[in-house]
Amino acid sequence: MVLSADDKANIKATWEKIGGHGAEYGAEALERMFASFPTTKTYFPHFDVSHGSAQVKSHGKKVADALANAAHHLDDLPGALSALSDLHAHKLRVDPVNFKLLGHCLLVTLATHLQAGLTPAAHASLDKFLASVSTVLTSKYR
């Protein structure tokens, strides 16, 4: 999926609004995913997936940091996410549908917190961005 110049501007602007809340929002998105799609917990058998868990917070920060890195490398998402793609495809063997589920939960989380700051155009751009990230993360499954 090709990100337009407007999409890239919307993504960067939204990431600036997220600011220092990335880890918090990442953890909340994971909690939302675990609650809404319980089968996703099977990839975290060693985690305490309860609300406020230190492990979920830590992984939420990793998710947020990876997405922030991707948002800063919009012209080279495959390069920015190559190591994560390898990890998820070859070591963790995560079902690719889970990236879409987490992306949806992240959009809901951002809409909850940013409210009017997440315009329809920004929402559409983030949706395209998360779909692109999902595509890159699953590219090494083939």
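Positions of Cβ are set from backbone N, Cα and C atoms, glycine also.
Swiss-Prot lists His59 with the feature O2 binding site. Annotation comment: Swiss-Prot describes His88 as heme b binding site, evidence class sequence analysis. Residues annotated as domain 'Globin' in Swiss-Prot, with sequence analysis given as evidence: 2-142. For Ser4, Ser50, Ser125, Ser132, Ser139 (among others), the entry in Swiss-Prot reads phosphoserine. Residues annotated as N6-succinyllysine in Swiss-Prot, with similarity to another entry given as evidence: Lys8, Lys12, Lys17, Lys41. Annotated phosphotyrosine per Swiss-Prot: Tyr25, in sequence order, evidence recorded as similarity to another entry. Annotated phosphothreonine per Swiss-Prot: Thr109, Thr135 (among others), in sequence order, evidence recorded as similarity to another entry.
Features per Swiss-Prot, on structure.
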residue: Lys12; record: N6-succinyllysine; Cβ neighbours (10 Å): 13
residue: Tyr25; record: phosphotyrosine; Cβ neighbours (10 Å): 20
residue: Lys41; record: N6-succinyllysine; Cβ neighbours (10 Å): 13
residue: Ser50; record: phosphoserine; Cβ neighbours (10 Å): 10
residue: His59; record: O2 binding site; Cβ neighbours (10 Å): 18
residue: His88; record: heme b binding site; Cβ neighbours (10 Å): 21
residue: Ser125; record: phosphoserine; Cβ neighbours (10 Å): 22
residue: Ser132; record: phosphoserine; Cβ neighbours (10 Å): 20
residue: Thr135; record: phosphothreonine; Cβ neighbours (10 Å): 17
residue: Ser139; record: phosphoserine; Cβ neighbours (10 Å): 15
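When secondary structure is read from DSSP and collapsed to three states, His88 (heme b binding site) falls in the helix class.
DSSP gives the residue listed as 'O2 binding site' a helix state. Secondary structure of the domain 'Globin' (2-142) per DSSP, as helix, strand and coil residue counts: 118 helix, 0 strand, 23 coil. Cα-Cα distance from Ser139 (phosphoserine) to Ser125 (phosphoserine): 21 Å (rounded to the nearest whole number).
A mean pLDDT of 95 is what the model gives for the domain 'Globin' (2-142). Listed in sequence order, Leu74, Ser125 are the same-chain residues at least 6 apart in sequence whose CB falls under 8 Å from the CB of Lys8 (N6-succinyllysine). Residue pair Tyr25 (phosphotyrosine) / Thr109 (phosphothreonine) shows a Cα separation of 7 Å. Look at the Cβ of each of the modified residues Ser4, Thr109 and count the other Cβ atoms within 10 Å; the largest number goes with Thr109. Taking all protein chains in view, 13 other C-beta atoms sit within 10 angstroms of the C-beta of Lys17 (N6-succinyllysine). You'll find the Cα of Ser132 (phosphoserine) roughly 12 Å from the Cα of Ser4 (phosphoserine).
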